[in-house]
Amino acid sequence: MNKYRTHTCSELTIDSRGKDVVLSGWINKKRDHGNLLFIDLRDNYGMTQCIIDKSNQNFNSLEKIQLESVIKINGKVVERTKETINTDLQTGEIEVNINSFEVLGTCKELPMPVFSDQEYAEEIRLKYRFLDLRRKKIHDNIILRSKVISFIRSEMSKLGFLEFQTPILTSSSPEGARDFLVPSRLNPGKFYALPQAPQQFKQLIMVSGFDKYFQIAPCFRDEDARADRSPGEFYQLDLEMSFVEQEDVFQVVEKLIVNVFKKFSEKKLMYEKFPRIPYEESMLKYGSDKPDLRNPLIISDLSNIFIRDDVTFEIFKKLVKSGSKVRCIVTKNTKDKPRSFFDNIDKWAKEQGASGLAYFTIEKEENISARGPVGKFFSKEALEEIMKITGAEIGDSIFFACGKINDVEKITSLARDKIAKDLKLIDENTFAFCWVVDYPMFEKNEVTNKIEFSHNPFSMPQGDLKDIDFDNPLNIKAYQYDIVCNGIELSSGAIRNHVPELMYKLFSIAGYQKEQVDEKFSGMINALSYGAPPHGGIAPGIDRIVMLLANEKNIREVTMFPMNQNAQDLMMNAPSNVNEEQLKELGLALKLKK
């Protein structure tokens, strides 16, 4: 028999009554009723109510023990009276009469209670993360994470993928974020980098003749924290396949994602075959390449309306003439909304840094007209054209934004979310997945005016190689794709460029000399020169998948030991100083900014 327990704290049922049992766990809660002391004993699996009578010689000792101390109890299972049954507990029909107990681990005074649902400052929670992880909600999140990863591994194996581990110490490469650098003791003055992603290695695996690869890969990026992004490190389901096109990758990932979300969530899937939305369409209709398709509001372009002579809204007309764009959002049947509804949205837009949102409501008495601060500037014919473009009807309202394309996309995207939430249009019980496809290969840096890769430099451009318009690189589309759920990007992926000559050409457009490419990507370029198959892949974020399944808004709620927003581990006191001897051994000296 196990020394510490005969059962876990979730196992005992009405069928266990009369049994002598041994339980071990943490004291979750104590309730002293004078002659009776109630102990809620908790372990990883659940909770059992234990009781001790004042006549028991151990009563006074047990009464003094601090919450969250670990104890072992010996006792007998008894049936609860009908009125004391707790239907919220798996063990709620029984309790254990304590005969004796043993303290296995004492607990100091708690900096935060474990049994409480009260929210505490992040600093306290992260410093005492081992206590925070005992709280039921986050404890369940971490268990969910483990189960999701285990299920993913099983599904990937069924799909014919093999799991391989790629190096953690590798070379630095410009993949978008700053690298974490590791000095080499044996090669003074040189550095390893922790991988931002196993990008080059997984392609090399394909070149090595393996057909389908995956791993639950740790990735390291020296970037700022966000609610949906941990600083420092994160994990992704990294996968790559040989002899595939874009749709082949989509079919595998869709099957996996649908199975995962059906197994671990009761929420509905809006689509089991995810819509494919071209990047340009996504930026127009949703103002973002991370659209939330639960939101029915659609953005339309009305720039040409402000060229018309029968539209006299001069502020917008002048801006459009100088190159600005006008985008609008239609809200259905909002004619009876109070003026405060519209003014509050306009005020909110100004708080976001925009100049506001113009608006009017379409009405019809004898003729079509527009009610609102700017309605008088539009003729009947102009309103009819707006209705034709946007699908607006009598009784609908229209919000307008005007400005530079990037600014107007940003504010209309935010406004789309804001208005939908105010009107309660979003079904929170739904997952809406989609693919955003046809990303541009290149973009122009507005500050330097130089051509840069817009996403992954290793992507294959679309079209026959002989027909690619290298003279107009901003027109080149790539086989790059993102998978998005409820406005959250889960992953980027691509069909890879496996042709060295083409890779040199594309890097030259982005300003790289051949020598620079050879220096940065020598292993990759060399391998591709020895017979590389067409291949592609993707890497959905494990943290974000679990965040969605757990219905959490912050990724730190599904990460076991996260850092804070300053990339500090408050529990382990990292990063920390190192001694002079360590630095000397590495050939390093510190030169700190004053």
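All residue numbers here begin at 1 and follow the chain in the order shown.
Using the three backbone atoms N, Cα and C, a Cβ is placed for every residue, glycine included.
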Additional site residue, Glu163, Glu272, Glu280, Glu489 [criterion: listed by Swiss-Prot with Arg221, Asp222, Glu223, Gly541, Ile542, Asp543, Arg544 for ATP]: Glu489
Swiss-Prot annotation of region 'Aspartate' - which of the ranges 155-158, 199-202, 275-278, 491-494 it falls on: 199-202
Top Cα neighbour of Glu489 (ATP binding site) in the set of recorded positions His33, Arg221, His455, Arg496: His455
For the region 'Aspartate' (199-202), residues assigned helix / strand / coil by DSSP: 4 helix, 0 strand, 0 coil
Pairwise Cα distance for Glu223 (ATP binding site)/His455 (L-aspartate binding site) [Å, integer]: 17
Neighbourhood of Asp222 (ATP binding site) by C-beta distance under 8 A, where only residues 6 or more apart in the same chain count: Ala177, Arg178, Asp179, Phe180, Pro231, Gly232, Ala567
Pairwise CA distance, Asp543 (ATP binding site) versus His33 (site 'Important for tRNA non-discrimination'), rounded so that it is a whole Å: 44
Among Glu223, Glu489, Asp543 [binding-site residues], residue with fewest other Cβ within 10 Å: Glu223
Three-state secondary structure, Glu223 (ATP binding site) (per DSSP): coil
